[in-house]
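All remarks here apply to the structure that follows.
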Ligand SMILES: NC(=O)C1=CN([C@@H]2O[C@H](COP(=O)(O)OP(=O)(O)OC[C@H]3O[C@@H](n4cnc5c(N)ncnc54)[C@H](O)[C@@H]3O)[C@@H](O)[C@H]2O)[C@@H](O)CC1
Ligand SMILES: Nc1ncnc2c1ncn2[C@@H]1O[C@H](COP(=O)(O)OP(=O)(O)O)[C@@H](O)[C@H]1O
């Protein structure tokens, strides 16, 4: 097994970017988001909110009409017209077992577009159906299910007992970057990068915080789209940075409540403070 290194604030600071005078919304990067469903509309709201808060040129959301309405009610900045994107966030709040026919087609179309992809939750099973730079963001139960579906024998207990080894195994077998969520998040890729992010607070263990992480990561990938050609390994560093920003936002949010509980939207709300501090150095 390789050597794992804790991702630091100084590392994260190298992977956040502010716009300059040459930028416009398209040059900064457009994130396409296909998340949420009638069953889980909240996941779409959380991911879109987090992406906006991370700082991206535009978020294009695609999903069921009723979900579009709740996304727009929270964030009218979101564009729901189809168009070009520089990165995709796919799968949060989608049930892979009950994907409508049209959604399956839209997901395949997104994957075939060739831009970097963040695959979460109900999009995880699509890994390997495309060649674009990809990071998958499972928790232990999801990783177990994914590996079993590829005929790799494992149990949830085994994955939970040794997340580092199973994250490495998944990266090697699936040939993508892996961000395995938990109290310690393991981020690795088939090229040997291995980073941990130790959560600042266990209040993060609540519904929807993973959807927020997906939004942060999607936005970071979209805003660094021009780096991928020269640095194909960028997606692994961006994933570690997203986990670090997420953890730090949760810490600041909890401190604002005297160490009290943090909800997923609180995490998203505190992302700009973290990005601002990283940029200021
Ligand atoms: N507000 C929202 O819309 C949210 C949507 N979410 C979405 O919900 C979907 C399912 O995500 P999960 O992380 O829950 O998937 P899991 O694979 O963890 O769980 C799948 C199912 O297993 C059952 N289960 C597992 N452990 C259980 C336990 N200890 N007690 C009771 N039931 C248990 C639950 O019925 C659950 O629905 C994903 O698409 C995710 O993105 C979640 O992120 C939570 C928030
Ligand atoms: N015990 C814990 N302590 C700290 N952070 C945790 C703990 N358990 C999970 N997390 C973090 O909380 C988030 C949960 O994501 P996920 O499991 O996808 O939840 P959801 O599907 O409800 O959004 C991840 O970022 C994970 O790293």
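Note: Cβ is positioned from N, Cα and C throughout, glycine not excepted.
What you see is a predicted model, and the numbers here were worked out from it, not measured in a lab.
TrEMBL names 43, 93, 139 as (6S)-NADPHX ligands; from the candidate set 211, 226, 266, the record adds 211 to that same site. Among 208, 210, 214, only 210 appears in TrEMBL as part of the AMP site alongside 181, 182, 183, 184, 185. It is 93 that, of the binding-site residues 93, 182, has its Cβ surrounded by the most other Cβ atoms within 10 Å. Same-chain residues with CB within 8 A of the center of the 43, 93, 139, 211 CB atoms, the (6S)-NADPHX site residues themselves not counted, are 35, 40, 46, 47, 92, 120, 121, 208, 210, 214.
Using a 10 Å Cα-Cα cut-off from residue 139 ((6S)-NADPHX binding site), the binding-site residues that qualify among 181, 182, 184, 185, 210 are 181, 182, 185, 210. Apart from 181, 182, 183, 184, 185, 210, the AMP site neighbourhood in this chain, defined by C-beta within 8 angstroms of the site C-beta centre, holds 139, 163, 180, 186, 197, 199, 204, 243. The Cβ of residue 211 ((6S)-NADPHX binding site) lies under 8 Å from the Cβ of 35, 42, 43, 46, 47, 50, 92, 93, 120, 264, each of which sits 6+ residues away along the same chain.
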